[in-house]
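According to Swiss-Prot, the protein has these features:
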- R79, R104, D131, P132, M133, L134, A135, T136, G137, G138, S139, D200: 5-phospho-alpha-D-ribose 1-diphosphate binding site (BINDING)
- I194, G199, D200, A201: uracil binding site (BINDING)
Amino acid sequence: MGKCQVISHPLIQHKLSILRRQTTSTKDFRELVNEIAMLMGYEVSRDLPLEDVDIQTPVSKTVQKQLAGKKLAIVPILRAGIGMVDGLLSLVPAAKVGHIGMYRNEETLEPVEYLVKLPEDINQRQIFLVDPMLATGGSAILAVDSLKKRGAANIKFVCLVAAPEGVKKLQEAHPDIDIFTAALDDHLNDHGYIVPGLGDAGDRLFGPK
């Protein structure tokens, strides 16, 4: 069974508290999502493979380390996942970026996929699948399904806030997937929103649809 790791760094928790506030502006919300994603990236990328590389410093030749093989692929679930991409790219600028577009049917609460654009070599890359929220788990499960259909095997799901119901569903559907979150909240309400959560992340990042 994949792990669910809550990254409880003090800076992340402080910024997440500001992010949750109803009065936080769109500008500040966007910046905070970017900053939290970057801070989480250090932990999420902890097991990236390294290889030796010969370099010349101003003083001497030396053998040092660099990321090995194919670099990351960062795949946001549209639209809210876009807000996390730049923070992760600031750590690994060579990463490729794909997109999986989904929206939620507000009556059934089920996700509907409308776009899949991925790097051609997605099956050779470690993937950070990103979405600020893991609520019902439906979008995450469908996105992982899409990635696996295209040969992807090394996938981590990265979110800012998760509900226990969504974590359980994702782990049951894809027990090989590790989940990284800045907070594991209490529950989902009758409308499928995380409580206490932070509202509709897409609307708070980009404005109402």
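Glycine too: its Cβ is placed from the backbone N, Cα and C atoms.
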Reduced DSSP state (H/G/I helix, E/B strand, rest coil) at A135 (5-phospho-alpha-D-ribose 1-diphosphate binding site) is coil
If we take the residues R79, R104, D131, P132, M133, L134, A135, T136, G137, G138, S139, D200 that the record assigns to 5-phospho-alpha-D-ribose 1-diphosphate, their largest CA-CA distance in Å comes out at 17
Spatially speaking, which of the binding-site residues R79, A135, S139 is closest to G199 (uracil binding site)? Use C-alpha to C-alpha, please.
A135
The correct three-state DSSP answer for I194 (uracil binding site) is strand
Can you tell me the three-state DSSP label for A201 (uracil binding site)?
helix
Subset of binding-site residues (R79, D131, M133, G137, S139) lying within 10 A of D200 (uracil binding site), CA to CA, in sequence order:
M133
Any further residue of that chain within 8 Å (Cβ to the Cβ centroid of I194, G199, D200, A201) of the recorded uracil site
P132, M133, V161, Y193, G197, L198, G202, D203, R204
Residue with minimal Cβ packing [other Cβ atoms within 10 Å] among the binding-site residues G137, G199:
G199
What whole-number Å value do you get for the CA-CA distance of R79 (5-phospho-alpha-D-ribose 1-diphosphate binding site) and A201 (uracil binding site)?
9
Across all the protein chains here, work out how many other Cβ atoms are within 10 Å of the Cβ of S139 (5-phospho-alpha-D-ribose 1-diphosphate binding site).
26
R79 (5-phospho-alpha-D-ribose 1-diphosphate binding site), DSSP three-state class -> coil
Measuring Cα to Cα, how far is G137 (5-phospho-alpha-D-ribose 1-diphosphate binding site) from I194 (uracil binding site) in Å?
11
Once the chains shown are all counted, how many other Cβ atoms turn up within 10 Å of the Cβ of R79 (5-phospho-alpha-D-ribose 1-diphosphate binding site)?
18
